[in-house]
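Here the structure is laid out as structure tokens; the discussion comes afterwards.
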């Protein structure tokens, strides 16, 4: 749509609301029941990098208002989900971000999205469960329902080492639970579905969300495009449902064309049996790692030479 | 912990102490690493030997297990922190003794990109492997990279990007290095979530590094080649 490299997309919520409305409209016209607002980097920590940390309320409210308008005139029920991305900081004690500051930042963004009319808050691409839990606490303060997904991009786990099974367990212990949870982004569609299968195996009480990328990014003549075709995303959507996901969407590289193919697949193809890992790789390609840490077949540490301390 | 379990580092012989330090690095135990470094120095070890055999040796195991998906970022951050404790003791001693340097890297996230977790991790792992690292932070334009490479007399340029919209900027930097006739002077490594090997080749980098552990291994391999070339030439 013409965003310059490095500019904060959230600025367009006030500078080019027409383009943001068009972006949302594309998803709605393609048959989406739910779309995310243009606020992924709309927390104080991310906006600070553009010296806009004082504009959290304004930018989030504007994004949700545009979404509300698009949804309300669609003539059907379309959910405006207020997107909340990670702070980008590493949480204490390893990093600098304390729980209190994380909650405060997420809360500030949540209030902006709420004020703009978002139906639900949607935190995603989280790698540390501590940050996920901080978002949950903030959303409770804002008194808003929420959903939340993590990204499993490192040997089938999140960057911080969380497995699909760990996430199910940890979500189950949250005081203020989401309406649904699952996985988004990460590597390819195959890995994402392996994660969803892992979550389904752990028999969660809440609906699962699957939001995979449209293939992987490829470089062509100075531009990047994702190599996942609409046909591949249609197969992905069908498999995601068979894996047990209730909310199915597309992350990076997903265009209205992909969404149309996904919607059509979900409406026209019958629900099938739960796929095996082999079924997934046969349809969508190989996994990025042999194990995802849930099967006990992953690599293990070599024997220690020193003595173990108490 | 009962007294029976207590490990007295000073009571261990050199071999057992280094083995223990490998484990303590793995477990991110900073104070124990500092103590171990001081003991080895006290026993007359050259600072460079402490660096390479005890610290870099231990971090190599951490790096390998990170690469293999056995350790993840939190454990690696703790290990790097412990390594840093040991390095703080060694650094002035290394400077005094004029020990050889393993290599120097200028690293930064490219222009327009503000993501730095991966880049920071590479910096830490490179330091863990004994490299000197000059971190330019986020949002670096080509001039910033080139000025730093010259001023720091660096061996390696590391560029990071998390966005598909910013990764093409790496080619701008590499093309500028070529124009200025400087490309052959540096090892250029690139990394970041949306990149892949094909992209690294397409833009003319020496290597794409999938993660921080691979970055360290690749840097070591290319530095060895550079040294071989220098001695052959």
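In case you wondered, yes, glycine gets a Cβ from its N, Cα and C as well.
DSSP assigns residue A:252 (Zn(2+) binding site) to coil in the three-state reduction, placing it in neither a helix nor a strand. Other C-beta atoms found within 10 angstroms of the C-beta of residue A:252 (Zn(2+) binding site) number 21, with every protein chain shown included. Annotation comment: TrEMBL describes A:185, A:251, A:252 as Zn(2+) binding site.
The domain 'Hcy-binding' annotation in TrEMBL covers A:1-266. Here the domain 'Hcy-binding' (A:1-266) returns a mean pLDDT of 94 for the predicted model.
The region 'Disordered' annotation in TrEMBL covers A:284-310. Using a Cβ-Cβ cut-off under 8 Å and counting only residues 6 or more beyond its ends in the same chain, the region 'Disordered' (A:284-310) has close neighbours at 152, 155-157, 161, 163-165, 187-191, 193-195, 198, 201, 232, 235-236, 239, 277.
Of the chain residues outside the Zn(2+) site list A:185, A:251, A:252, A:125, A:151, A:184, A:186, A:211, A:212, A:213, A:250, A:253, A:254 have their Cβ within 8 Å of the site's Cβ mean position. Across the binding-site residues listed here (A:185, A:251), the residue whose Cβ sits among the most other Cβ atoms within 10 Å is A:251. Counting residues of the region 'Disordered' (A:284-310) by DSSP class, helix then strand then coil, yields 1 helix, 0 strand, 26 coil.
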